[in-house]
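Below is one structure, written out as structure tokens; the observations come after it.
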């Protein structure tokens, strides 16, 4: 008799996606981040749902409702900090997942890669709108500064900004719509994930060597499910440690001051996971140029498959490309640091140098080094 998981209309979809899915036998821990992102998304949706039951999206009461959640709701403080720090874990896993894709050449699965870029944009939009909801100083001024960037778009810019604001400044209408979109977007992200996975399963997973592994496949369950569970435990331990020992480590103290349109904070900055893009934005003196550079800092991932010049897929056997990759990682850390610093010497020139290097490495140096490595293969 055939097992029910192979015949039941719903169970067979789950079976083919998680149980009997053929996977390369050589997958390292870098392949854990997809499942970790799934757990992060689940944690965020659940904690967010319970927070939404107590939150009020009104400028007069939003800040107080967050205080009420932390002080008066049973385990409200835990929900709030799990949600805030869960976002940080989400982005750590996201950036490591993208970095894995770049290092091992997973971007050659173009459909999966492009849907992944859409997912990245959707998660970034969700996180930005979520940062506005507590209605602290950094929430208000962050929303004002970032939405104002759209005014750099020629002809329609000013009208577009006022349309998003729902008035002539960030106010009650803005907060209400941001809450609505912040609630809606995670479900759109979930839908995109459900498109991301079938495209991946259509081609099968890449592996660290970058060599086709069709003759050497194993079942996902139990081999990789056990490995994923270990990943869950490590990540959830890290998240629990952050939430219980230092919940405000990654937040901004200014967000504990209620939003005041009459007092500008001395240094407006987004959450840490956007600082690299914020540094690229600030490094260009022209407003429209800065906005274009900001968008391109993420959108550049879409042209990475076109720039792949190497005869080998993975960087595992390409030491010169490896050096460039880790230089790129160092540049991103530098940009993250610069994004959190005031706009003054020497931070301005460091930011401009790092921004130039970021685009230079991806657009020119990586393809050139790949061609050099191709030539060296002949020796």
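Just so it is clear, glycine is given a Cβ too, placed from its N, Cα and C backbone atoms.
It is 226-246, from the ranges 205-225, 226-246, that Swiss-Prot records as transmembrane segment. In the three-state DSSP scheme, residue 182 (heme b b562 binding site) is classed as helix. Considering only the binding-site residues 83, 182, 201, residue 97 (heme b b566 binding site) has 201 as its nearest partner by CA-CA distance.
A straight line from the CA of residue 201 (ubiquinone binding site) to the CA of residue 83 (heme b b562 binding site) spans 30 Å. Cβ contacts within 10 Å of residue 83 (heme b b562 binding site), excluding its own Cβ and spanning all protein chains shown: 21. When each of the binding-site residues 97, 182, 196, 201 is scored by how many other Cβ atoms sit within 10 Å of its Cβ, 201 comes out lowest.
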